[in-house]
Amino acid sequence: MNALLSNPFKERLRKGEVQIGLWLSSTTSYMAEIAATSGYDWLLIDGEHAPNTIQDLYHQLQAVAPYASQPVIRPVEASKSLIKQVLDIGAQTLLIPMVDTADQARQVVSATRYPPYGERGVGASVARAARWGRIENYMAQVNDSLCLLVQVESKTALDHLDEILDVEGIDGVFIGPADLSASLGYPDNAGHPEVQRIIETSIRRIRAAGKAAGFLAVAPDMAQQCLAWGANFVAVGVDTMLYSDALDQRLAMFKSGKNGPRVKGSY
């Protein structure tokens, strides 16, 4: 197999195209495939707050592979060994949470690169990513198809944003609204005017630096606002929240005293 690796999600980011995504927290390949047939540009398979194992992530990657929706994997942390596993099962785009400094960003880049450019362990012959050794010259071409996104979601990270943006190998920065608002002293209140101001200025700084800017907005008006500020990969919902809301709304049609979806906090 002499296939060239490609990453449509990364290619579209390079062109500055807007991509609309969906957060997957349900942990099942069945739900992931349903989402993949809906037409979202990208699907975030969450390993940080959803109880996904490596095998769960693997099965969801398999489920969405036949479709145009591009998978993005968020591991639970920036662990070098965990990043190695996630890459080996075939993830091409990673979203790394809680990156606060340029040094941390450089460590993440190193974890995704094979020597001599980094510290990723070599195991292509047993990895789905290399089709079990059948993709010729996998190690030589993989860096071009790898897309690395980091999350800025604390006051410390905001203080180091410019330095993080200067790190070679970082393709985009994602603003984490829930953790960021808590870090700024406004827990569960990402809609606070000061938080909104900081989100706007951060998105504009990211784009001015030539990087992609991402966001998760469960409220449609907030998603539209982030797009207007320049964000170019925006998730507009979470599968478990959408499912929960739909269940509540359907029940409210038939049971008195039910008034639709429950109030949900920030995510």
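Cβ atoms here come from the backbone N, Cα and C positions, even for glycine.
Small disclaimer: the values here were computed from a predicted structure and weren't measured.
Here Swiss-Prot has Ala178, Asp179 binding substrate, and the candidate from Gln141, Gln151 in that same listed site is Gln151. For the substrate site listed in the record, the two most distant Cα atoms among Gln151, Ala178, Asp179 lie 12 Å apart. Across the structure, Ala178 (substrate binding site) and Glu153 (Mg(2+) binding site) are spaced 8 Å apart at their Cα atoms. Between the alpha carbons (Cα) of His49 (active site, proton acceptor) and Asp88 (site 'Increases basicity of active site His') lies a span of roughly 21 Å. DSSP assigns Ala178 (substrate binding site) to a helical segment in the three-state reduction. Across the recorded positions listed here (Asp88, Glu153), the residue whose Cβ sits among the most other Cβ atoms within 10 Å is Glu153. Reduced to three states, the DSSP call for Arg74 (site 'Transition state stabilizer') is strand.
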